[in-house]
Amino acid sequence: MKRKKSRSKHLYAKRIRPSGITPEADTSKYPTESQDAMGAEMEVTRDIAVQQFEAYYRAQRIIPDEEEFVRLLRCLYKPLPISFRVSAVTSRQLEVEAAMTQGRPFLHDAVQTRVDGLTVFKPVYFGWCGAWQLGCDDRLIRQASKQDKTSHLAQLQRWIAQHTANGVITRQEIVSMAPVALLQIKPEHRVLDVCASPGSKTTQALEALHASEEHSPRGFVVANELVDKRSYLLSNRCAALGSACRRLMVTSHRAQIFPQFDKSCAGEYDRIICDVPCSGDGTFRKYRDKWGHWLPHMGRGLHSLQLQIAIRAIGLLKVGGLMTYSTCSFNPLENEAVVAALLARGTGAIELVPASHLLQGFDARPGLSTWVVMDENLNALPSYDAALRALPKARHCRFRDSMWPPQAGTSDMHLDRCLRLYPHLMNTGGFFIALLRKTGQWPPPPQRAHDGHASAGGPGTVAASTSVPRTFAPHLPYLPASQVVVDEVCCKLRLNPDRLQKVGVLHARGDRRLFLLSAELAQHLAQVGYTDPPIPLQ
């Protein structure tokens, strides 16, 4: 099916430039005088958004040096280079070697060149994630392919498409690979990805389980995504890994109340990927239309949800286990403020782990120790109490005490161990990562408020009720699957039909869902309430 060509969503976003910045080569076409009033209004909205963005992050001093800050702004208007990760699954190494041999002219042997007046840099390899970053972006490679089907870039495009489809390589941003790489997943680990869609980190975790030549995988990955459609997208993306999917379970729960079977709060996962919903201003290079939607209060509006998800995830982590908390945002209210609140809530049960040395050859900046909370008009609010005094009562609910730096200071928290990945440093997107280790029992949540009285945490405290243990609902009956379904699944996932002990189809709400599980996942399901798992695979 031919993909419908959409009108450029970047038409007006391309016009927005940080103040005082002139791009080296701008080929965007400006709207003509005949553009309608709605288009003009959109343009003004984007201009205002850019001005607010600059003012907000200058005040946050995410980069204190003004000259470097301008370099960051300039970089946000450059297209994002193509990057991909090479499969680490040991059973596919022959396929990987064949693909890399075929791709050698585009990777190892490539040299810097120029196409349509633009420089195509030599690809860069990052060993800590087994990934390549090319010297061109999608737009340039598409244009070159249209002009000459036999050109070097056209051949590269076909090579990428072919091996993305067969799962040998996975398209993913370099900075997005860092959270899973920092977890150092082993074959025996139980891994939870609490906000998994679209699935790039999930596939990376699955590959890590299968990356050892000495040990067969005994762990598994639970990938959680609340939205059904995104769950199916996640499942389809993981299907390219073939038989590795035997160790994947996709769930659909609210991350902040994700079920657990160990009611003692001891935790059941060795590694947790906590990549939370965020404002996404670190993705402007990839989604340039986001400029027009940026508002100063976006990060503040997500702070409570992010903290609730992080609290819940830590509660599910085993003592001694590791969790990465990450966003694709520059905003300290979504980043350091959440981590600081999490550390304060844990009362010594978690610690930040130094991680920059694990990303060899990658330039990462330390986390911030202080930041500013602002209202919608970019007026600084020095404290939570000051905000309550200055703002109308109707707006009090928009602020939480945890948004401000702790009054006792952050020196004991070691927030400098957090990692800030800025686009202009390594030609990437923007990202924030905190690597956390659980060192002790996670404290139980405070009692819920009753009869209209305030909770023990006070009016500005994010409710920790998200840590209340929940269990999975009893499963619905499974029916035997037809041989046609079994053969189709085995063909798609490259499974041996002789290894299937039982195949089941779950009938619920009029739809049919097929489940393929490893023996370890089947045992895990039994522990959380599924007494008759559908497909144990040996």
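Using the three backbone atoms N, Cα and C, a Cβ is placed for every residue, glycine included.
Sequence-distant neighbours of CYS328 (active site, nucleophile) (same chain, 6+ residues apart, CB-CB distance under 8 A): VAL175, SER176, CYS278, GLY280, ASP281, GLY282, THR283, GLY429, GLY430, PHE431, PHE432. Annotation source TrEMBL lists active site, nucleophile at CYS328.
Summarising the annotation, TrEMBL assigns S-adenosyl-L-methionine binding site to GLU225, ASP275. Spatially close to GLU225 (S-adenosyl-L-methionine binding site) yet at least six residues away along the chain are CYS195, ALA196, SER197, SER231, LEU234, VAL250, THR251, SER252, judged by Cβ distances under 8 angstroms.
According to TrEMBL, the feature compositional bias 'Basic residues' maps to 1-17.
Computed over the domain 'SAM-dependent MTase RsmB/NOP-type' (72-439), the whole-number mean pLDDT of the model equals 93. What TrEMBL lists as domain 'SAM-dependent MTase RsmB/NOP-type' is 72-439.
Among the features that TrEMBL reports, region 'Disordered' is placed at 1-33 (among others).
Taken from TrEMBL, the feature region 'Disordered' applies to 443-463 (among others).
Same-chain residues at least 6 positions away in sequence with a Cβ under 8 Å from that of ASP275 (S-adenosyl-L-methionine binding site) are, in sequence order, PRO179, ASP193, VAL194, CYS195, LYS201, THR324, SER326, THR327. In the three-state DSSP reading, ASP275 (S-adenosyl-L-methionine binding site) counts as strand.
Look at GLU225 (S-adenosyl-L-methionine binding site): DSSP puts it in coil.
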